[in-house]
Amino acid sequence: MSRVTLSRYLIEQTRSHNTPADLRFLIEVVARACKEISHAVSKGALGGVLGSMGTENVQGEVQKKLDVMSNEILLEANEWGGHLAGMASEEMDNAYQIPGKYPKGAYLLVFDPLDGSSNIDVNVSVGTIFSVLRCPEQHLSQNDALNEQAFLQPGTKQVAAGYAIYGPQTMLMLTLGDGVKGFTLDRELGSFVLTHDNIRVPETTAEFAINMSNQRHWEAPVKRYVSEMLAGKEGVLGKNYNMRWIASMVADVHRILTRGGIFMYPWDAREPEKPGKLRLMYEANPMSFIIEQAGGASTDGRQRILDIQPNSLHQRVPVFLGSKEEVARVTGYHQE
Ligand code: AHG
Ligand code: MN
Ligand code: MN
Ligand code: MN
């Protein structure tokens, strides 16, 4: 069997779909950084990488050592190649400027360097989420600092998105807007190998993912939907549902890509001024792009996430994504 590595897949995409060479390079560099993060994650206590830094990020979360290390790995890997006009991340207050000694390129890279960081110390799957946008013409300048406005584009403008999951296997899931491909890291070869060719999210499901401990703080449509699922076969939905909550979005979304389900992180009344917990640019948009490319759906309860016009880099959003039928149902409840 001839193996299709990530590099070969990208080269073939260039031939068949005119994927630009600098985008191909960008994806390869991100994948290389993810291998490095995977390696650091797998060392755990032996590498002294567990525990927190004692600092907070702009969202007021305590940063884990691996949050900061992963962020640095991604910055260092991507700053010199000439393919980026700038970067932005969950772990940085402001947009990252490409150092003046390097040329700037056409793309913007946005990432959640380590997703699920509350799971690091308990040896449960974590990941890296990334999204690629084109830098708008008017913001492309070799000399001037990049304006944050350049990043504020709706998710429909993403040219690529993906995530790496550091679990029992390290995998890279990728979309260039032409379906979703899954690659598994072959540690002996040192390369990502195509193992999941045409990923589809089943349209129906009987599995949901939500942090149930927040139930009392949810809005009425979410309370209604979850109570209907909990009522099982005897309830209006007429079937028994199973529940999973890993508390790493990458791992929950990965399960949904693999066998279907619905993932929800709704607005809740604990912090009423925040629209939700998850970040639009680093989490919701890339995951929504991937889910839609696999035949699923993604909304904020009221509208398609990919259509939202962002107004700030660290903007948050409620998230309902996964199997089409279920996302349509809970979105419908919000619209009633
Ligand atoms: P991060 O570790 O990047 O800050 O993201 C954590 C997110 C997401 O991965 C997960 O779905 C959610 O937070 C879990 O939240 P709870 O701890 O509230 O369940
Ligand atoms: Mn965080
Ligand atoms: Mn995250
Ligand atoms: Mn994170």
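For all residues, glycine too, the Cβ spot is worked out from N, Cα and C.
Site annotation (TrEMBL): Mg(2+) 2 is bound by D112, D115, and the candidate from E283, E292, E325, E326 recorded at this site is E283. TrEMBL names D112, L114 as Mg(2+) 1 ligands; from the candidate set E90, E91, the record adds E90 to that same site. Just one of N78, N198, N211 is listed by TrEMBL for the same substrate site as D115, G116, S117, S118, K277, and that one is N211. When the C-alpha distances from D112 (Mg(2+) 1 binding site) to the binding-site residues S118, N211, K277, E283 are tabulated, the minimum falls on E283.
Neighbour count (other Cβ atoms within 10 Å of the Cβ, all protein chains): 20 for K277 (substrate binding site). The average per-residue pLDDT of the prediction over the domain 'Fructose-1-6-bisphosphatase class I N-terminal' (5-196) is 96, rounded to a whole number. Counting every protein chain shown, 21 other Cβ atoms lie within 10 Å of the Cβ of G116 (substrate binding site).
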